Amino acid sequence: MALWVCTALYTGSMLLSSWATQAWQLVVLQGIVCGATGSIMYTPVLMWLNDWWVAKKGLAGGIIFAGAGIGGLIFPFIISSLLSWRGFPWMVRIWAVLAGTTLALSVYLIKPRVPPRKLRSHERGPWLATDGAFLRDPIMLLTLGTSFVSSLSTFPVSLYLATYASNLTPSAFEAEIVVGIYNVASSFGCAFTGWLADIDYPLATTFCGVAGAVAAFASWGLADSLAKVYGFAVLSGFTSQIIASWSGCARDVSGGNPYVGSLVFGVLAGSRGLASIAMPFISEELYRPSDEKESWGRFGFYRMMLFVGVTAAISALGGVALKVVRSRMVKSGRLRA
């Protein structure tokens, strides 16, 4: 029932926003209501992911998260076409209908593997019965810190890559398509990282960090042509999907409890959300258009490239630490291999 209510609220709020006349109305209707209901609807996806998959949970999660990259490629063109065709109000109304139809179909189809048991009057729900001890787990703390730092290295690229490309071409399309290339690469990267996480998720975490640092320092830092920027977009998009390795942490920390596993995903997603809020302000300070370099760090991106590379390298060290801590916990019997 909650999913149907959220679907109605999301669709109705998006539809109402088409008549908005002030910025605060868009913030409330699209930013807060649509954002909150969309997040609530995403919760069963994470919870039932633990229910349906065990051995291939990372790959399954990676494929699910890959949808964001595909949407990041397709939806900007759809929205731009609708804006040119009918203007903002009708674009939002059409989008509300499309989103509402898709969400309703998804809610109808998605189901848990095992139907939830009805609680008796004196019983507490499984969420309320969770004591929060998982937040003190060393693996949880390491993954949380590593994911936060990795997110700091990821968001500047997605925010400013088109700006960098615009310095190399007069064509707005050639500059903006780099974001689409990045999103497509991220879709494949999610699936690959999830597959690798099923084998060894600390290794997947380390891979994302090392590859991200190499891409920032070598590929982006020396990109003096549009082709090289496109190449960096592929490398960065493919190797920055640490989110697809979270399933391994959820498996180790939850101890088989699907509700704790979902909470692990929620906490990790929250840390990524905090990074997404902070990074636009940090990136603005890092970007200095007047600070021109002749070779490495062109067009005022010297400090941003350095920041991205260093934070990616730190996240790689987090992956190594995660491997060491997990191995010790397995040897001590606190964790199953």
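For all residues, glycine too, the Cβ spot is worked out from N, Cα and C.
Nobody curates TrEMBL annotations by hand; they come from automatic prediction.
Database features (TrEMBL):
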- 1-20: signal peptide (SIGNAL)
- 27-49: transmembrane segment (TRANSMEM)
- 61-84: transmembrane segment (TRANSMEM)
- 90-110: transmembrane segment (TRANSMEM)
- 139-165: transmembrane segment (TRANSMEM)
- 177-196: transmembrane segment (TRANSMEM)
- 203-223: transmembrane segment (TRANSMEM)
- 259-282: transmembrane segment (TRANSMEM)
- 302-325: transmembrane segment (TRANSMEM)
Might you confirm whether the transmembrane segment (203-223) is in contact with the transmembrane segment (302-325), defined here as three or more C-beta pairs under 8 A between residues 6 or more apart in sequence?
yes
Given a Cβ distance threshold of under 8 angstroms, which distant residues of the chain, six or more beyond its ends, lie next to the transmembrane segment (61-84)?
45, 49, 53, 90-91, 94-95, 179-180, 182-195, 197, 237, 241, 243-244, 246-247
Quick one: find which recorded stretch in 27-49, 90-110, 139-165, 177-196, 259-282 has the most Cβ pairs under 8 Å with the transmembrane segment (203-223).
139-165
